[in-house]
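Chemist: Have a look at this one.
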Amino acid sequence: MIALPRNRRPLFLAVFAYCAALLAFGLYLQHYQGIEPCPMCIMQRYAFALVGVIALVAGLHGPRGAGVRVYGGLLLLTALAGGSVAARQTWMQLYPPEIPECGPGLEYMLESFPLTSALPMIFRGAGDCSAIDWTFLGLSLANWSLLNFGAAALLALWLLFGRRVR
């Protein structure tokens, strides 16, 4: 196994920069390419933003020892949450419903319903959650999100269980 570097600050800051680039690309697709995000896409953006914020705080803090594991655990939980949304959307894209329904937007659902009612509606997905509007190398945005959340989860596991350089 590759040993963790003594100074993990550049690693955390690189994760922050990568998440910022992913979010910037999503905003580019939305504002300049006209691809409107569905509720699941927006939740994935929130998860990437949270991974980025956790990494930024860790990079500025420069933790050692148990602190690295705390940040690694937070990154793992956030990456798994975002990855589960991306996996659900990928599944919906592979097996779309017979007649997709266009549900309300995320903002409307969160304003009009309590969170306990809105979350199941979001995960049922709207008709546009199963649409594939953009691909790169044969993979949709949801597929790429799933891969990126998987990479973040692997990095978090490395932070949690990797050997330390003495």
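Any Cβ shown, glycine's included, is placed from N, Cα and C.
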Chemist: Regarding membrane topology, does Swiss-Prot annotate L11 and R69 with the same topological domain?
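Modeler: Going by what Swiss-Prot records, R69 is on the same face of the membrane as L11.
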Chemist: What are the helix, strand and coil residue counts for the topological domain 'Periplasmic' (29-46) according to DSSP?
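Modeler: Secondary-structure breakdown of the topological domain 'Periplasmic' (29-46): 11 helix, 0 strand, 7 coil.
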Chemist: Relative to the Cβ position of C129 (disulfide bond), how many further Cβ atoms are located within 10 Å?
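Modeler: Around C129 (disulfide bond), other Cβ atoms within 10 Å: 24.
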Chemist: Going by DSSP, is C129 (disulfide bond) sitting in a helix, a strand, or coil?
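Modeler: DSSP call for C129 (disulfide bond): helix.
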Chemist: Mean pLDDT, the topological domain 'Periplasmic' (88-143)?
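Modeler: The average pLDDT of the model in the topological domain 'Periplasmic' (88-143) works out to 69.
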Chemist: Let me spell it out: take the transmembrane segment (71-87), skip the flanking residues so only those 6+ beyond its ends count, and list any with a Cβ under 8 Å from a Cβ in it.
Modeler: 12, 15, 40, 43-44, 46-48, 50-51, 54-55, 57-58, 61, 63, 123, 142-143, 145-146, 149-150, 152-153, 155-160
